[in-house]
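Annotated features in TrEMBL:
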TRANSMEM  32-51  transmembrane segment
TRANSMEM  72-93  transmembrane segment
TRANSMEM  105-123  transmembrane segment
TRANSMEM  135-153  transmembrane segment
TRANSMEM  165-184  transmembrane segment
DOMAIN    307-599  domain 'ABC transmembrane type-1'
TRANSMEM  426-452  transmembrane segment
TRANSMEM  458-476  transmembrane segment
TRANSMEM  534-558  transmembrane segment
TRANSMEM  578-598  transmembrane segment
DOMAIN    674-901  domain 'ABC transporter'
REGION    936-961  region 'Disordered'
COMPBIAS  941-956  compositional bias 'Acidic residues'
TRANSMEM  972-989  transmembrane segment
DOMAIN    1005-1281  domain 'ABC transmembrane type-1'
TRANSMEM  1046-1073  transmembrane segment
TRANSMEM  1233-1250  transmembrane segment
DOMAIN    1320-1554  domain 'ABC transporter'
Amino acid sequence: MALSFCGNDDSTAYSVDNGVLDNGCFVDALNLVPHVFLLFITFPILFIGWGSQSSKVQIHHNTWLHFPGHNLRWILTFTLLFVHVCEIAEGIVSNTQMESNHLHLFMPALMGFIAATTSVVYYHNIETANFPKLLLALFIYWILAFITKMIKLWKFAEASLGVQHLRFCITALLVVLYGLLMAVEINVIRVRKYVFFANPQRVKPPEDLQDLGVRFLQPFVNLLSKATYWWMNPLIIGAHKRPIELKKIGKLPIAMRALTNYLRLKDSYEEQRQNTEDPEKSPSIWKSMYRAFGGSILLSSTFRYMADLLGFAGPLCISGIVEHLNNSTEIDKTNKTGNMTFGVYSTELLQNTSVLAVLLFLALVLQRTFLQASYYVTIETGINLRGALLAMIYNKILRLSTSNMSMGEMTLGQINNLVAIETNQLMWFLFLCPNLWAMPVQIIMGVILLYYLLGDSALIGAGVILLLAPVQYLIATKLADTQKSTLDYSTDRLKKTSEILKGIKLLKLYAWENIFCDRVEETRGKELTSLKTFALYTSMSIFLNAAIPIAAVLATFVTHAYIEEVRLSPAKAFASLALFHILVTPLFLLSTVVRFAVKALVSVQKLSEFLQSDEIGDDSWRNGDMSMPLEVGKKYKYQGDTKAINRKGRYRMDNYEQPMRRQLRPTETEDVAVQVNDGFFTWGSNLSTLSDINIRIPTGQLTMIVGQVGCGKSSLLLAMLGEMQTISGKVFWSNKNRYSVAYATQKSWLLNATVEENITFGSPFNKQRYKAVIDACSLQPDIDLLPFGDQTEIGERGINLSGGQRQRICVARALYQNTNIVFLDDPFSALDIHLSDHLMQEGILKFLQDDKRTLVLVTHKLQYLIHADWIIAMKDGSVLREGTLKDIQTHDVELYEHWKTLMNRHDQELEKETELESQTTLERKNLRRAFYSREAKSQIDDEDEEEEVEEDEDDNMSTTTSRRSKIPWKMCCRYLSSGGFLMVFLMVASKLAKHSVMVAIDYWLAAWTSSNPLNPIVADSFVNATNYTKNYDATQIAEHRSYVPVFIILCGAAIALCLITSLTVEFLGVAAATNLHHDLLNKIIHAPIRFFDVTPLGQILNRFSADTNIIDQHIPPTLESLTRSTLLCLSAIGVIASVTPAFLIALVPLAVAFYFIQKYFRVASKDLQDLDDSTQLPLLCHFSETAEGLTTIRAFRHEARFKQRMLELTDTNNTAYLFLSAANRWLEVRTDYLGAVIVLTAAVAAIWTSSQSGQVGLGLTYALTVTNYLNWVVRNLADLEVQMAAVKKVNSFLSTESENYEGSMDVSQVPEDWPQHGEIKIHDLCVRYDSLLKPVLKHVNAHINPGQKVGICGRTGSGKSSLSLAFFNMVDVFEGKIVIDGIDICKLPLQTLRSRLSIILQDPVLFSGSIRLNLDPECTCTDDRLWEALEIAQLKNMVKALPGGLDAVVTEGGENFSVGQRQLFCLARAFVRKSSILIMDEATASIDMATENILQKVVMTAFADRTVVTIAHRVHTILTADLVIVMKRGSIMEYGKPEILMEQEDSLFASFVKADM
């Protein structure tokens, strides 16, 4: 049969006798004209355009512009394409009913489809090139198409076709669409005036795009790219070659920045505040959120509804396809007519299986697109909301009244929770909130459809689902509770672990590590019990999720078999199966959503309480009643209106200027800088802390405030700064002075920044000034020790500095600032005498006085009073005296005398302190210890370094890519093996069994529904097509029901297996977590002391906190989800392939596509995840820092700078998070489309091979599930990869060497009372810390007789402490030996050796718990023995006074005792262990004279008969010793009695003693 345009089954086909337009075929030919016209015009333009543009794939920012009606045009074009598809389908189906082929039925429609596609491509290219003149071609095309379609419609109406004819409807729709597109085109002309007008409109692209820093293009790309995230391709594919960095993700578009959203939220919040009648009522945050962000939530919900409704197309199409597979061939061919005018009816079209397959595909693609759009919109809104809330909280923090913070109404913990937890809860609630109203609709629709398919029995199935939903909710709430208790236990465990790590040296020296290790294990045991409960609930939840649909299907089909007379057809069975799958998801999610909603309510409650809390007073007081000079006015002009965005898109919260350079002095006549009159100030509780204050601070002079501890000196400074609440009285500041005050608090406050940034603190860098400040504070030696000099990060996350070092940096900051007034609050408290003197002379007297700055100094060091120009003496919250030292000397002799006696005492201390190693040298020593171990870094595999090295080596791309996209299988194996092989085997076996049974159920269902003895030819109407004739006899019913028992057994088995699998996975996780933590703890506790010197404490703690948490709680669910979704996808593909083997051919390209998508995504996702994590930390730190340093920030007047910083940090974090979620959308859109293609290929394969209908239903139902699970496979893979890094880090610690605990002697060979005498022989001893390092002791020989008192002295680093460690075999003794009472200590088991000696360390270490635990953790001694030890250490009375006596509480690190008391406790600890050898390592360094004398006496008496080795810090402590050893650079220089050594003039010892006198 020839192909012909009008068909040749009728001679009149080509005749135009009745009039040209009355030949339908000619009208169709006429319809071809516009399409061909468009293709002819546009192709050359496109080719020329593409030719020149092919090199620049990236669209240029500057020409990226939307023409008016952009989105509408895309939507209309998509609709047009869909209608064309319908027209083609209708034409083809009509054509099958003709005798010969009629091309004119579908050819014009096909050309229309091509033309419409071309039109949108053409439009897109014109738009990116911003060349609107070329749009004319499209305009002409729309007009022509509109006219030709009008003619066709008019002819149809003449032939009296109506709405009941599909062809008429399609043509009418096309007319409308062409008309609308024409209108859009006219609108572009109207707005842009590019033609028919004299002056065309010039347009610039949006501001964001002119700023090349903006890389997040979602708001600016066209509709198709928005829907498929096409613009993300370069980023995600590029991640393969080099990791994504912060530079690459750029900054946020203006509309998404925290500032913009903060203003939106704040406006709606303030608006409510103004509109309410009663001012007490707080504005509702919910309302403000709705006003600010309601629009986007509505948009998202609309998308969501559309997606949900389209979701039901799947099951309906399946039922249609299965139903018509058998009877599609049976359509009677009676109505073959030559008349083309009446096409098919719509019902007939929907009975064509191929049409249904295409429809199913389109519905899936659309549904997925809408769903992802809905997700994206909610996530973007959530992120915007979080930014706004963070800015709101921050602004509030900056205005919080200090009393609030100090009286504990608002703790730092609460603020951190607000930032870290509550804002995230609200963000998550927003993400899930469209579900709240979408889900009920989805459930109701699903139940209605089920009822339509299955009748009453459907309600039973739905009932099962609804009954089990509350159980889900219950489990969800239980899960949340368990998680809380787990968290409590793990914080407790962490506290204990960090204590152990901080006191590890002591624990090892006393051989107590195992006791403390057991303490941690005990807490860990509780935590694991809680984790097991958690695992149980999680597995229940997973089980319910898997078992509910099975149970529902079971109930439904069994009741259907017994209630209804009608046989169940495959079409209905599989449609309802697919519906049940759809219904489960909303029910499972509903419990989660409800839980989040409850949490969100709580969070909002907390937030609004916080926003209502007290604020600090206004700024006006700072100027008192004095006239406000112009400059000050200028400074605050912008406080009210926030200057949001100026031209370049740079924005500032307040217009923040540097405090102006100070004017030179001639104008300064007033001599008072600050004056307080009749001041009564309080910290909030209406009892005045400071009363009756009348003081003046003279300008340009040094004022000192002195008084006892707690008499209100610091409060006075804060009162002047306006931090306290004023009850009455006034504070006056002279005009010049209130720009800002440089203020150094007593408790030093550092930023997480470099040393330099901490000192300059936002002021411009001036080299000379900086150098002068650093010298004045003698910071240079400390800076030289830091690894990167003054560019080293310090602060919370940086390097830990000691108190003195921190304090000096704070003082340096105050000195560096260019302000008239400097307030220093006790800057000497943590400094030793040398530094204090230096700071006083250089910093305060020289640097500040030269500058003529007004200085207020709070101090306890009375010897500095002679330098003061003005003294304020305080007592009990009021001013005792005010005046110069002379005034006080004459007027208040008593006070002066009192001061004198105190000063004399100071002088004695001064002598005491000028010994060899001052406190500072000690601090520097500690710092050096922390870093000098850098050389040994090479063997400790520092993960970060390792990774950096990897990236340096592989510059050739191929290797990097393979490395970055590899899945860490080795770590997975390590994880699984620590879970135990039995569990792994159980898990794998039960998973496989479960999935096989699931497939078996569905196969059985297919066999059951297809078993059809009569198979009558159904020629009924559509409705009855499925009800097989009802009059079959009892035998057939019985045969039909005989399938039921097997079905029930299979379902029961599947439910049981679901339970088993979910339990095995979770408990495998618990087992792995138990073993990994146990091994890690034991490895680390038994590691040599060197390991702790080299590895930063934070790094070890991280393994115990973050990484352990991931292993405990995150890996098991990810693993479960991954295995489940992978097996589901594999079983589905297996089923489809077995039903229609042809599908396998199509599978190959799909598999390749899938492989590449997941490969690219995993790498990019990991990078973005890291960026998100690494940008979150600075943000949280910035908040807690600000809250801690509030007074300083406000005194310096740096609020604006800090706000700015907060906004930047928030935006950076939000950018990373946005990109991460956009990348997830990118993946999901792609995998969803792949899934849709799988469904299409499965359907087409089934239709062409026309297999048995039951099998086809089975295949399609499975194909539908694949779409849901494909993206989960990839996302879980990516998550698992990130989480396995934790296992890798833990594993890297598991390979550390342990100390050799066994020794070569057996414990039984050591006498019970060894060492009896305490004789020590050191023979040619060489010691090093590590086999790679230089020896620290070289060939040391000594002999100590029993009971001798020996002193060892020498400069820092001479090897004194190393010698003391050698006695305990803590260091590597590689030559020589130490023999104690005839036994070589290197042969002894460590536990025995260390438990028989005792040592007092230089830094006192106490553990939280009771006093008893600190003295005797083994619980071997009687109370009398402990009291005796306390008495010897002069502590008995103090401990008796404590509640609980020996069981009194010791807080963490012994903070509730003073340093001296802690040292005495350590002494008592050594006495409790009655050993014949005592080693004191610089034990008296931190005690005052009196206590030290006591100590000396005690050692002489209590230890009269024992050997005591003292490592001396201050030489005068060992003048009474029997033997002195002087060391230098690791070897003994002098050895003998102190008297003899003193007589030798040139001996080292003599020179030490001289220096110490």
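Here the Cβ of each residue, glycine as well, is placed from N, Cα and C on the backbone.
Taking residue pairs at least 6 apart in sequence, the transmembrane segment (1046-1073) and the transmembrane segment (972-989) share three or more C-beta contacts under 8 angstroms. Three or more CB pairs closer than 8 A are found between the transmembrane segment (32-51) and the transmembrane segment (135-153), so contact between the two stretches is assigned (pairs 6 or more residues apart). Long-range neighbours of the transmembrane segment (165-184) within the same chain, counting only residues 6 or more positions beyond its ends whose Cβ lies under 8 Å from a Cβ of the stretch, are 69, 72-73, 76-77, 79-80, 83-84, 86-87, 90, 94, 112, 139, 142-143, 145-146, 149-150, 152-153, 156-157, 342-346, 349. The stretch in 426-452, 458-476, 578-598 that contributes the largest number of Cβ pairs under 8 Å to the transmembrane segment (534-558) is 458-476. The transmembrane segment (458-476) shares the most Cβ pairs under 8 Å with 426-452, out of the stretches 72-93, 105-123, 426-452.
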